[in-house]
């Protein structure tokens, strides 16, 4: 059995936001757990390993109890949706996207979602989300449009997976910015902040948001690589793209990732210093939004080692020592059956139109 060790770079060593766990973690976990289990999407071991509740409570950690609960539901939904599309071809993935989009745009009278569990989950989630801001708030349409882009991009990812396509770094990042779901995830931060459209769409704020999206991708692809390698899904990972395009070995690819991430962090902090003022109360909402971005980036990294999703019981050791071992021919740290991937997904058929 061949083994290889490599060192993980500390991607966020200069990130000014610190770990913060929501005080509503246990309460939101209890409520959201009961909610997602009521749909019975797959076995509970997969949900425990993913731990959507910890992810939401580390990333939306300064929000109200209702907001943290909403974040838990969103993370749970993404997990279920990703697991379904991971075992779907592009045609099925596209139909699943239609179900979800229709349920958000027409929660009271959705013709396409029917009784499919993804449609039901979307309606339940969106009904609660609509209560988080005044009717007609721009945040609702922003969330829907970014969600639609994400759902359509996942269909493209399914095609890449079927064709065993490996993209170059820039091309990969363009697609990954949509397939990772970070844009709608960060759009949720806007709920209740009453930020006008012209502020949210200002080039300075857009640049900060896009940098946060990239940092989420870089952190996620670093931590998920071992698991994806053992599962045969490493073609849709930035490390693979770096290795192939730049002809680097695995360790040097991680060094490249670390250097690239440092540049993104530096640019984020530089752009933050140049942010214009819109006057109060808008500036207060902008500060809350930016702190939400910063906490999401930090919390995503914290969750990656604190949950069992990527490293099983070894997360804390890996966080401290930064040393990871890959073993060819076997799952690393956790197996498919432990994380609810593929073999534990019971795909609900989609009714023909």
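Every residue, even glycine, has its Cβ placed from backbone N, Cα and C.
Note that the structure is a prediction, hence the values are computed from the model and not measured.
Annotated site 'Plays a critical role in the stabilization of intermediate cation' per Swiss-Prot: 79, in sequence order.
Taken from Swiss-Prot, the feature Mg(2+) 2 binding site applies to 82. Long-range neighbours of residue 82 (Mg(2+) 2 binding site) (same chain, six or more residues apart, CB within less than 8 Å of its CB): 154. According to DSSP, residue 82 (Mg(2+) 2 binding site) sits within a helical segment.
As annotated by Swiss-Prot, Mg(2+) 1 binding site applies to 82.
The motif 'DDXXD motif' annotation in Swiss-Prot covers 82-86.
Neighbour list (residue 224 (Mg(2+) 3 binding site), Cβ cut-off 8 Å, at least 6 residues apart, same chain): 237, 304, 309, 310. Mapped onto three states, the DSSP output places residue 224 (Mg(2+) 3 binding site) in helix. If you look up Swiss-Prot, you'll see 220, 224, 228 marked as Mg(2+) 3 binding site, on the strength of similarity to another entry.
The (2E,6E)-farnesyl diphosphate binding site annotation in Swiss-Prot covers 309, 310.
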What does DSSP say about residue 310 ((2E,6E)-farnesyl diphosphate binding site): helix, strand or coil?
coil
Have a look at the recorded positions (79, 310) and report the one with the fewest Cβ neighbours inside 10 Å.
79
Using a 10 Å cut-off on Cβ-Cβ distances across all protein chains shown, tell me which of the binding-site residues (220, 228, 309) has the largest neighbour count.
309
